């Protein structure tokens, strides 16, 4: 994805030197300020991408195989896995191509590399946007299932879910193409940051409201069975811990990347900001880590999906 100082990374690899920074790193700070730069080895970067790729392929395969999982909720989970798969796959492809170019093992004209870079950028950006959208869609789906339980199947139908999925993919591709074309405009970067904050607020509000309803429900059950208050408090603490982990992982994995975009707009030449820019590889690795964690949170907790996944793995042997 084009960002200040790292755009056209594949083209830069055609004339690379042994000190060139691979995939998505920014130029070294020229101000002389001491910076903390976390180096992400190419092997680690590719390994994270491979783990994410395998995990999300398994999720998509299991949902596609089991007709019992062809519901709106699993439709969103499947699309989230597909988005995460594309995030990991596109970055693995870019890293591999850059390494091959730098090693001289791949010969390509600049025009071909330019087109490949553009395609990878669009895939990466659109899959990131769609991943955020599907995280929000899953939160909305769960909210409706709790607060409108009796009407859920009439509100969230499979045709509506499919239309929502199609709209998300189309919008993600279109906006990613706009971003790639106008990445040097501050308004475009700020729109991406606002979009991330909107998704964060949406998820926080919905999940906090769901936690409050669950605590009220648990309290009602405790009163019905004349239980003591500590049982309800324990449920509330467990729910709060789960919510903190869910939102915390989302913020920690995605936040640094969007902080990077914000600082490009606010202080592109400031020494401190330049130090942060040098850790862009780390920020991207965190997003790939989120792609690894998403299946654990949203998919593998389903007993039906785990059973189907076991069948898929046994059949593959």
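The chain as shown is numbered from 1 upward.
Quick reminder: no glycine exception, Cβ is built from N, Cα and C everywhere.
Annotation source Swiss-Prot lists topological domain 'Extracellular' at 1-37 (among others), citing sequence analysis.
Among the features that Swiss-Prot reports, N-linked glycosylation site is placed at 29, with the record citing sequence analysis.
What Swiss-Prot records for 38-63 (among others) is transmembrane segment. Within the same chain, residues 22-23, 69-70, 74, 77-78, 81-82, 84-85, 87-89, 91-92, 95-96, 99, 279, 281-282, 285, 288-289, 291-292, 294-295, 299-300, 305, 308-309, 312-313 sit at least 6 positions outside the transmembrane segment (38-63) and bring their C-beta atoms closer than 8 Å to a C-beta of that stretch.
Residues or ranges marked as topological domain 'Cytoplasmic' by Swiss-Prot: 64-72 (among others). With a threshold of 8 Å between CB atoms, the same-chain residues lying at least 6 positions outside the topological domain 'Cytoplasmic' (64-72) that come near it are 78, 141, 156-158, 160-161, 302, 304-305, 308, 311-312.
What Swiss-Prot records for 73-93 (among others) is transmembrane segment, and it gives sequence analysis as the kind of evidence.
Residues annotated as topological domain 'Extracellular' in Swiss-Prot, with sequence analysis given as evidence: 94-118 (among others).
Using a Cβ-Cβ cut-off under 8 Å and counting only residues 6 or more beyond its ends in the same chain, the transmembrane segment (119-140) has close neighbours at 1-2, 10, 73, 76-77, 79-80, 83-87, 90-91, 93-94, 164, 168-169, 171-173, 175-177, 179-180, 195-196, 199, 202-203, 206-207, 250, 254, 287, 291, 294, 298. Sequence annotations record features per position, and here Swiss-Prot assigns transmembrane segment to 119-140 (among others).
Annotation comment: Swiss-Prot describes 141-163 (among others) as topological domain 'Cytoplasmic'. Note on the topological domain 'Cytoplasmic' (141-163): DSSP counts are 20 helix, 0 strand, 3 coil.
Outside the transmembrane segment (164-183), and at least 6 residues removed from its termini, the chain residues within Cβ reach (under 8 Å) are 1-3, 7, 75-76, 79, 118, 121-122, 125-127, 129-130, 133-134, 137, 189, 192. Residues annotated as transmembrane segment in Swiss-Prot: 164-183 (among others).
Remote same-chain partners of the topological domain 'Extracellular' (184-191), defined as residues 6 or more beyond its termini with a Cβ less than 8 Å from a stretch Cβ, comprise 4, 178, 261-262, 264-265. Sequence annotations record features per position, and here Swiss-Prot assigns topological domain 'Extracellular' to 184-191 (among others) based on sequence analysis.
Within the chain, the transmembrane segment (192-211) has long-range Cβ neighbours (under 8 A, six or more residues past its boundaries) at 129, 132-133, 135-136, 139-140, 142-143, 146-147, 179, 236, 239-240, 243, 246-247, 250-251, 254, 258, 261-262. Feature annotation from Swiss-Prot assigns transmembrane segment to 192-211 (among others).
Under the heading topological domain 'Cytoplasmic', Swiss-Prot lists 212-240 (among others). Summed and averaged per residue, pLDDT over the topological domain 'Cytoplasmic' (212-240) gives 64.
The feature transmembrane segment is assigned by Swiss-Prot to 241-266 (among others), with sequence analysis given as support.
Sequence annotations record features per position, and here Swiss-Prot assigns topological domain 'Extracellular' to 267-279 (among others) based on sequence analysis.
Within the chain carrying the transmembrane segment (280-300), a Cβ under 8 angstroms from the stretch's Cβ atoms is held by residues 3, 6, 21-26, 38-40, 44-45, 48-49, 51-52, 55-56, 58-59, 62-63, 77, 80-81, 84-85, 87-88, 91, 128, 131, 135, 138, 246, 249-250, 252-254, 256-257, 259-260, 306, 309, all 6 or more beyond its ends. Annotation source Swiss-Prot lists transmembrane segment at 280-300 (among others).
What Swiss-Prot lists as topological domain 'Cytoplasmic' is 301-317 (among others), and the listing cites sequence analysis. Counting only same-chain residues 6+ beyond the ends of the topological domain 'Cytoplasmic' (301-317), those with a CB under 8 A from a CB of the stretch are 58-59, 61-63, 65-66, 68-69, 74.
The Cβ neighbour count for residue 315 (S-palmitoyl cysteine), using a 10 Å radius and every protein chain shown, is 8. Same-chain residues lying 6+ beyond the ends of the topological domain 'Cytoplasmic' (141-163) with a Cβ under 8 Å from its Cβ atoms: 70-73, 75-76, 206, 209-210, 213-214.
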